Ligand SMILES: Nc1ncnc2c1ncn2[C@@H]1O[C@H](COP(=O)(O)OP(=O)(O)O)[C@@H](O)[C@H]1O
Ligand SMILES: O=C(OP(=O)(O)O)[C@H](O)COP(=O)(O)O
């Protein structure tokens, strides 16, 4: 990576403002998945061990500039305390005199978590005044919030204009792994793109057609391709405005000599529920009043084979409605193949990460990104503002 990391600067005795992404799922006040908190431990522990005064900041949810009680970061502070085996102080605000006093009271190695930065309207507007107020709390800015790196907000981008700014260790790891896939992939390189909407995945499919050897398509976005090819798709998900684009991708793959695979069979259903009727059909067999909901067994085998013969696999988006058990087999088969292959496997956050977790296969993957939107934008080849703002090496 060409950006400086926390290891490249002196932190001893310094007040260090660390932007993390503690935007974790919470149900009834309890955190249901603390992956994003655990993944920041190397950076926080490094700073503690090296005598920094650690000031953590994060967003949670989308409170739109107002205080929303359920979106306070108290549960995150408690979980972090447990994981570090050390008291983490929690501020009830993110700027202001009370916070300044709490920062002034920090000893080397102490940790303070500020309140949700999105309680301030200036955060998402990247307001320079708010960025300055954050910067005044610290001597150094460390960005470890890969999950929010695609946002140009006051605590991810603005603050970097007022303080020396470097990456944290999680940010560094994410950029290294995803960056290698983009710039110097081991081959055969297979990209798997699924999920619900074509429009969300256009740029990533386009980029993958250019850099990968195999592009496997699944999930709801397949049906736009099928319709573009003239197949009956019944009530399946479709984006009628993207039919030409879908055909364009098929042609582009041919021109570039890429192996672009669409499902060869499909599970269809007459209702979007666990006890609905289902059938396995070929791509020409979707009944007019049914919808495609998962890839079929032949496709599962075909895709698993490609995955097993790859050296690098990048997966973004489920193959079907995996949240409902009878429609989860395609996504499970892809996850299983990713778990078994000797290829280096990268999961691009979001629903595919949730699926791998649900099937108990998460620890068999080589890298699961902590950023859904961020990893997608990165894989599309876009620049991430939270990274661009950091110091070059
Ligand atoms: N055939 C399908 N029809 C409707 N929805 C689908 C289909 N296949 C997958 N989905 C849905 O797509 C959603 C995930 O889409 P998306 O957000 O694009 O993925 P990701 O978060 O991995 O990028 C899941 O909730 C899944 O149920
Ligand atoms: O959870 C997040 O997004 P993700 O689900 O796309 O990874 C990040 O914390 C960014 O949150 P945001 O999309 O509200 O800016």
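Positions of Cβ are set from backbone N, Cα and C atoms, glycine also.
Taken straight from TrEMBL:
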| type | residues | note |
| --- | --- | --- |
| BINDING | 21, 22, 23, 36, 59, 60, 61, 62, 118, 151 | substrate binding site |
| BINDING | 36, 118, 151 | (2R)-3-phosphoglycerate binding site |
| BINDING | 201, 292, 323, 349, 350, 351, 352 | ATP binding site |
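Known features from TrEMBL, placed on the structure.
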{"residue": "21", "record": "substrate binding site", "contacts (Cβ under 8 Å, 6+ apart)": "36, 40, 58, 59, 144, 145, 146, 147, 148, 370, 371"}
{"residue": "23", "record": "substrate binding site", "contacts (Cβ under 8 Å, 6+ apart)": "36, 58, 59, 60, 61, 147, 148"}
{"residue": "118", "record": "substrate binding site", "contacts (Cβ under 8 Å, 6+ apart)": "59, 60, 61, 62, 63, 64, 65, 71, 124"}
{"residue": "292", "record": "ATP binding site", "contacts (Cβ under 8 Å, 6+ apart)": "220, 222, 223, 226, 233, 234, 236, 237, 266, 267, 268, 286"}
{"residue": "323", "record": "ATP binding site", "contacts (Cβ under 8 Å, 6+ apart)": "none"}
{"residue": "349", "record": "ATP binding site", "contacts (Cβ under 8 Å, 6+ apart)": "147, 316, 368, 369, 370, 371, 372, 373, 374, 375, 376"}
{"residue": "352", "record": "ATP binding site", "contacts (Cβ under 8 Å, 6+ apart)": "194, 315, 316, 317, 318, 331"}
Those binding-site residues in 23, 59, 61, 151, 352 whose CB falls under 6 A of ligand 1, listed in sequence order: 352
Binding-site residues compared (36, 59, 151, 201) - highest count of Cβ atoms within 10 Å: 59
Local Cβ density at residue 351 (ATP binding site) - other Cβ atoms counted within 10 Å: 21
Residue with minimal Cβ packing [other Cβ atoms within 10 Å] among the binding-site residues 61, 350: 61
Cα separation, residue 151 ((2R)-3-phosphoglycerate binding site) to residue 201 (ATP binding site) (Å, whole number): 18
Whole-number Å value for how far residue 151 ((2R)-3-phosphoglycerate binding site) lies from residue 350 (ATP binding site) (Cα to Cα): 16
Spatial separation of residue 151 ((2R)-3-phosphoglycerate binding site) from residue 351 (ATP binding site) - C-alpha basis, Å: 20
Binding-site residues whose CB lies under 6 angstroms from ligand 2, from 21, 23, 349, 351: 21, 23, 349
Residues within 8 Å of the 36, 118, 151 Cβ centre (excluding the (2R)-3-phosphoglycerate site residues themselves): 21, 23, 58, 59, 60, 117, 145, 147, 148, 153, 156
Recorded substrate site residues 21, 22, 23, 36, 59, 60, 61, 62, 118, 151, farthest C-alpha pair in Å: 18
